[in-house]
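Following: one structure in C-alpha cells, then a few remarks.
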Ligand code: AMP
C-alpha cells in the first residue's frame, strides 16, 4: 500500500492545512469558507512546535452549527479517497460552567462535484462521512500546560466519479482544534515482475481489483502476455504471464543484459548466456550464436549449443574378403570422427576390365548390401561383380558437416581383382583303376595359387560318397577307382583369399577289366581336351605365386568325405628336423635356397634371438618383386646355433597355410645365413593391438582370432605343437590377416623374454602355458589351445598383459586354485566362454582348434550373438570363491583389482 497524495505539511511552517507537498498530486485543498466561530489560530503541538489550526469552541451557547469547508479537491482518477484528520478536542467536563449542550464530537461531510468553483453548497447537499469523536480529549490541566493531545482519525469515501469533491466539517457545540487534514488516495506503484513493467496504477473503488497489462522491458519479448491485478490496498496481486530476454541477452534482476564476448544465447527460451561451445567464438556482445573456427562447421540441424565439428578423417585398416564375384569390405572407423556421432560411409566403385579398356564407374549392375551410401556400419557386401575385373573401392567417411567443408573428402581405397575365369585344359590318361588328370593354371594368375582341390565322385553318387584331393601340382593321378565306372571331376583353386568356385564338371570313365590302357605316356596321351572353367580368387595386393616344392607327394592331401564326415587318410604330418641325421638335409628338403643377389635389405625392423630382423625385397627370376622379412644369423655363431637358426626354416618350410607365416627361402651358401619370409606390414600382434587400442570392430577382432585358430588347426592337423603361442608371436599384415610365426626349436627355451625357468628346469612362458605343460612338460595341441585362449584374451583386451603385474608364482597358484581371467572390457560373453573352455583344467575337455574355428565362423555369420557383453557380470559366475569389490585406489581397473583382491582373499 502506498499513499500517494497528501495534503499535509505546509511549505511554510506553522500550518498543516490543505497544502500539497507532492508534485504529482494535484489535490489542492484550501479552507474556503468559514462559518461563524471557526478561527484560524497558531497553537503549539506535542513537541512545542508552533502550528496553525482551525478552532471552534462555542460551548457556552446552545444550537451551534458552524461549518468549515475545503476548496474543490480534484479526484485525480482516484475512486477511493482517504481523509486523515488530526485534531484536539476539549473534554466538556473540564470546562467549568458549560451547559449540557456542550459536545465532544463533530461531523465530517463531502460533496462530489465537477465544478471546482462552487461558492455555496447547501447543507442538505453534503453526504455525511462520519461523526468523529476524540479518542483522547484534553482537560483543564492540559490546557493549563498548553499541551494538547492530538487525535488522528482516517475515513474514506469511495466510488467517486466526478472531477472532484468538497469536504466539510460541522461543529455542533464542541471545543475542537483541527490541526491537520490529509487527503490521499492509494495506487499500486510502478513494478517490474517477470521482466514485465507495470505502471503506477490507481486502485479501484471499494475492493475492486484493477487488471493491468505489463509491457516487456528492453531487449525482452513476450513469452506469455504479462498481467497483474492492482488491489484496493495498493498492492500487486496474481502475476500472470512473463517476458523473456531476447537471444543475445540474459536476465539480470529486472532487466536484460547483453551476453559478453565469448558467450552467447541462442534462444529467448534459454535462461542465461553460455560459453561458446568448443571450436567456436563470439567477439562481440549480444551474440545469439558463436561462429565456428576455421575448418569447423555447424550443420543446419545442429543445436547452437553443440561444438563446431569437422569432417571425419579417412577410414582405416580396410580389409577385403573376396568370394568369387562378391567381396566383403570391412574397415575401422576413422581415427577422428570430427567430433560427431553421425559418421556414415560411402563406397565409390570403379571397375577396370582386364582387357585394357578404360576404367569406368561400376554402374547399377553391382549391388551393395546393406547399401552403397550412408552406411552406418563399417562393413559392406558388394556382389554381382564381373569376373576377371579389377575393382577399386574408395571408402569415404562422412558426417553431418562433410558437405559444408570445401576440402575434398578423404578416401581409402581397396583394390581387388575378382575371380578369374581361366580355361583349363584337362588331360586324361586312364586305366581300369586310375585316372590321371592334368590341367593348366590360369593364363594370367593374379596371385599365388596355394593349391588346387579336385573333387570326384561316382556319377550319380555324390550324396553318398565323394572324395576331395588337394595338390600344389597341376597333375594328379586318382587311384583306387572301380573299373568301367564313370566318375565326375571338378577342380578349383585356392589362394590366400580362399577358394574359388568349382569349374564345370567333367565325366571320365575308367577302363573296363581287360581293356588295355592307351600306349602313350601321360604327356603324349591327351585323349580329350576339356575346357574347364575354374574360378581363382585373388587379391591384387596379395603375393606372387608360391614356388612349387621339389617333392610333390607330401604336397598332396587326400580327404575322404563320407556322409559329411572327414577322413584324412593322406593327411600330412610335420617332420621334426631332429629326425634328420643331417639337419642340413632337412633345410634342403623343406626350404628353397635363394641367391643372395636377389635380396635387397632395406631396414631393420626387429631383433631376433640370432640376429637382426630386416625388411627388404626379393626379386626372383620371372617372379614379381615382393616385400620380405629377412632374419640373419649374426657373425661368430657356433655350428649348433646355425642348426638351431635354420631349424625354424625347416619347420616353417613344411607349412603352407594362409595363417602361417610363409617361408620364401633361405640363404645358406653365403654369409650371413638368412631366412627369408613373407613381410607382415603390421608387425607383431601384441604391439599392433596396443597401438590401435579400441579401434576395431568386434567382427574384425573375431576375424583376427579366427585366422589364428585356422592356422593353429592346420598346425595341429599336422601334429605340430607350437608351445609358444602368444600375441607376440603372431604377425599381422596390411590386410589384418594374422599369421602364426616363431617356429624356432630353441625359442621356447631361450628366445622368448616371457619364458621363465620352471622347477623342472625348463624355460616356459608361464602366463600362456597350460598347467600340465608347466607341471610336467605335457605339451600337446590341447596345451596350444590353452595358449590360444590367452591369445584371445590378449586380442579382446587390445594387448593387455595376461594377469597384469602378478608374479609368475601367483599366476600358477591362482590357476591351480581354479581362477581364470575375467572377460576383458566389452568382451562378448560367447567369446569369454570360449576362452574359459580353452582353459579347462582337464585338457581333454578343451575344444579342438577345428571346433574353435567353427565356433568363430558361426559368430561371424551371426554377429547378434556377439552383442551380449561379459564384463563384470561374468565375474561372479566365473569364480567359485568370494569376490571382493575393489576399494584400493591404486588399482588400475576394476577387473584387475577384483582379480587381485580375490587372490589376496585366498
Ligand atoms: P622373431 O625373431 O621372429 O621373434 O622376430 C623379431 C621381431 O621382428 C618380431 O617381433 C617382429 O616385430 C619382426 N618380424 C619378424 N618377422 C617378421 C615378418 N615376417 N614381417 C614383419 N616383421 C617381422
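Cβ atoms here come from the backbone N, Cα and C positions, even for glycine.
Since the structure is predicted, the reported quantities are computational estimates derived from the model, not experimental observations.
Pulled from TrEMBL, these are the features on record:
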ACT_SITE  724  active site, proton acceptor
BINDING   605, 606, 607, 608, 609, 610, 611, 612, 613, 631  ATP binding site
COMPBIAS  318-329  compositional bias 'Polar residues'
DISULFID  57-175  disulfide bond
DISULFID  92-102  disulfide bond
DOMAIN    2-193  domain 'Eph LBD'
DOMAIN    311-417  domain 'Fibronectin type-III'
DOMAIN    420-513  domain 'Fibronectin type-III'
DOMAIN    599-860  domain 'Protein kinase'
REGION    309-336  region 'Disordered'
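Within the set of recorded positions 57, 92, 102, 175, 724, the entry lying nearest in space to residue 607 (ATP binding site) is 724 (CA atoms). A Cα-Cα distance of 20 Å separates residue 611 (ATP binding site) from the residue listed as 'active site, proton acceptor'. When the recorded positions 57, 102, 175, 605, 609 are compared by Cα distance to the residue listed as 'active site, proton acceptor', the shortest distance belongs to 609. With 605, 606, 607, 608, 609, 610, 611, 612, 613, 631 listed as the residues that bind ATP, the site has a largest C-alpha separation of 14 Å. Not a single one of the recorded positions among 57, 92, 175, 611, 724 has a C-beta coming within less than 6 Å of an atom of ligand 1. DSSP assigns residue 175 (disulfide bond) to a strand. Nearest by CA distance to residue 609 (ATP binding site), out of the disulfide-bonded residues 57, 92, 102, 175, is 175.
Between the CA atoms of residue 613 (ATP binding site) and residue 92 (disulfide bond) there is a gap of 131 Å, rounded to the nearest whole number. The Cβ centroid of 605, 606, 607, 608, 609, 610, 611, 612, 613, 631 marks the ATP site; residues of that chain outside this set whose Cβ lies within 8 Å of it are 614, 632, given in sequence order.
Here the recorded positions are 57, 175, 605, and the one with the most other Cβ atoms within 10 Å of its Cβ is 175. Among the listed binding-site residues, namely 607, 613, the Cβ with the most fellow Cβ atoms inside 10 Å is that of 613.
Listed in sequence order, 59, 98, 102, 103, 104, 174, 175 are the same-chain residues six or more apart from residue 92 (disulfide bond) with CB atoms under 8 A from its CB. In the three-state DSSP reading, residue 611 (ATP binding site) counts as coil.
Between the C-alpha atoms of residue 57 (disulfide bond) and residue 605 (ATP binding site), the distance comes to 126 Å. Here the recorded positions are 609, 724; the one with the fewest Cβ atoms within 10 Å of its Cβ is 609.
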